[in-house]
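Q: Heads up, here are the entries from Swiss-Prot:
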- 26-46: transmembrane segment (TRANSMEM)
- 75-95: transmembrane segment (TRANSMEM)
- 105-125: transmembrane segment (TRANSMEM)
- 128-148: transmembrane segment (TRANSMEM)
- 155-177: transmembrane segment (TRANSMEM)
- 183-203: transmembrane segment (TRANSMEM)
- 266-286: transmembrane segment (TRANSMEM)
- 301-321: transmembrane segment (TRANSMEM)
- 328-348: transmembrane segment (TRANSMEM)
- 359-379: transmembrane segment (TRANSMEM)
- 402-422: transmembrane segment (TRANSMEM)
- 428-448: transmembrane segment (TRANSMEM)
Amino acid sequence: MVVEEENRSMEEGLLQHQNDRDDRRITACVILSTFVAVCSAFSYGCAAGYTSGAETAIMKELDLSMAQFSAFGSFLNVGGAVGALFSGQLAVILGRRRTLWACDFFCVFGWLSIAFAKNVFWLDLGRISLGIGVGLISYVVPVYIAEITPKHVRGAFTASNQLLQNSGVSLIYFFGTVINWRVMAVIGAIPCILQTIGIFFIPESPRWLAKIRLSKEVESSLHRLRGKDTDVSGEAAEIQVMTKMLEEDSKSSFSDMFQKKYRRTLVVGIGLMLIQQLSGASGITYYSNAIFRKAGFSERLGSMIFGVFVIPKALVGLILVDRWGRRPLLLASAVGMSIGSLLIGVSFTLQQMNVLPELIPIFVFVNILVYFGCFAFGIGGLPWVIMSEIFPINIKVSAGTIVALTSWTSGWFVSYAFNFMFEWSAQGTFYIFAAVGGMSFIFIWMLVPETKGQSLEELQASLTGTS
């Protein structure tokens, strides 16, 4: 009897060891699925950086005023808000994969409308359509990646979304000043066309399948993601039990997310998006050439160096997010962005006083690199990583929609107001951004939880007090 018990214990121990090893396995399917999902993020980055390099050429060819071009730039955020409003519901009704197809439709139409625009109407329509597409992307891509990846690499894989966005921005910055703006719009559509094809070869999210009660499909999806020879019964059971428990606990009405147990997650999600946008990132990204021009730095040289610089910084975040955790990177990012903004403001103050005029262009440019380097490894992408992790499945639609909508509406405000603020006071604009960075540090320190190393079910249970 004792021998049988010992044998059983050994078998259970070996099985647990095997399951732990399987949980840490990264399959080709996970890599392919993540790559396909982030193709549209590359297009998103192209859209974000597009107005900077194309500003002079578009305004000249289509005879646009500064107000018209500012509106064109900000319409990406207007469309993004519309896309964000419907993103969660679409992801539930259609599933994650088919929602990605919807993203591709809006993005390809938007890029081609811009590429062949003969007047401001088609230009703006294309920008709005592109915005709707990237508004959907901003929700569904990080959610899909978080739902398919093993917990020990979830942060890095989800952060690859930001890496591809930065790569898109870099491409536009590097080539935008030397390639015709219409050709660049066509190039921006290519990743979405590739994604449209790639979606045929990737599995649906097992957590979405669990939500719609497709038990066999949950295991089938997990087998593709974890390996055919892997025992996925434990993970499948955990996903289905947690999903069922949450849905029984709440009927998933819009008001559910305002329950006391979800209050912290909602405040964290909304707060991080406000930090990301009100720190000035959209305005600086959209109109960086105007900043270079004001500082007296070469627009072409500045854009090309920026394009090379930003990708390695995003890679730092990708490598460290599952080693150091989300909080340390967010805190370091907030400090660095605040210092960078402060020093840019000081530079423009010295320029106005005609102090060290020969050094001001270099000083402004270096601190823009500091700002964006710190943005890239932290606040640029980690708010979306955390958003994809902290909301339980029963409120993920409503809460995720509100959080994404917050990002896009605040981004619209910054992107539209930036040119007018910059004309009012270059230094004042960056002092405001520096103050936001300082407040961001306090917010992150006091409220943002560490999410690394936990399954989505474990994390959400700890945040909401569900056992």
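Glycine is no exception: its Cβ is also placed from the backbone N, Cα and C atoms.
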Q: Compare 105-125, 155-177, 301-321, 359-379, 402-422 by their Cβ pairs under 8 Å to the transmembrane segment (75-95) and return the stretch that comes out on top.
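A: Per the Cβ under 8 Å count, 402-422.
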Q: Do we see three or more Cβ pairs under 8 Å linking the transmembrane segment (428-448) and the transmembrane segment (105-125), pairs being at least 6 apart in sequence?
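A: Contact absent: fewer than 3 Cβ pairs fall under 8 Å.
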Q: Taking the transmembrane segment (301-321) as reference, which of 26-46, 328-348, 402-422 has the most Cβ pairs under 8 angstroms?
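A: Between the stretches 26-46, 328-348, 402-422, 328-348 has the largest tally.
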Q: Within the same chain, where does the transmembrane segment (328-348) have neighbours whose Cβ lies under 8 angstroms from its own Cβ atoms, ignoring anything closer than 6 residues to its ends? I mean 6 or more beyond.
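A: Same-chain residues near the transmembrane segment (328-348) but 6 or more away: 272, 275, 279-280, 294-295, 317, 320-321, 360, 363-364, 367-368, 370-375, 377-380, 382, 426-431, 433-438, 440-441, 444-445, 448.
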Q: Counting Cβ pairs under 8 Å that sit 6 or more residues apart, are there three or more between the transmembrane segment (402-422) and the transmembrane segment (183-203)?
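A: These two segments do not touch.
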Q: I need to check the long-range neighbours of the transmembrane segment (26-46): which residues 6 or more away from its ends have a CB within less than 8 Å of a CB in the stretch?
A: 100, 103-104, 107, 111, 133-134, 137-138, 141, 144-145, 148-150, 153, 157, 160-172, 184, 187-189, 191-192, 194-195, 198-199, 201-203, 224-227
Q: Report the listed stretch (105-125, 155-177, 359-379) having the maximum count of Cβ pairs within less than 8 Å of the transmembrane segment (183-203).
A: 105-125
Q: What parts of the chain pack near the transmembrane segment (155-177), using Cβ distances under 8 Å and only residues at least 6 beyond its ends?
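A: The answer is 30, 34, 37-39, 41-50, 52-54, 141-142, 145-146, 149, 184, 187-188, 191, 285, 288-289, 299-300, 303-304, 306-308, 310-311, 313-315, 317-319, 321-322, 326, 376, 380-382, 384-385, 388-389, 451-452.
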Q: So if I exclude everything within five residues of the ends of the transmembrane segment (266-286), which remaining residues of that chain have a CB under 8 angstroms from its CBs? That is, six or more out.
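A: Same-chain contacts beyond the ends: 48-49, 51-52, 73, 77, 169, 257-258, 330, 334, 337, 341, 368, 371-372, 375, 379-380, 382-383, 386-387, 390-391, 399-400, 402-404, 406-407, 410-411, 413-415, 417-419, 421-422, 429-430, 432-433, 436-437, 440, 443-444, 447-449.
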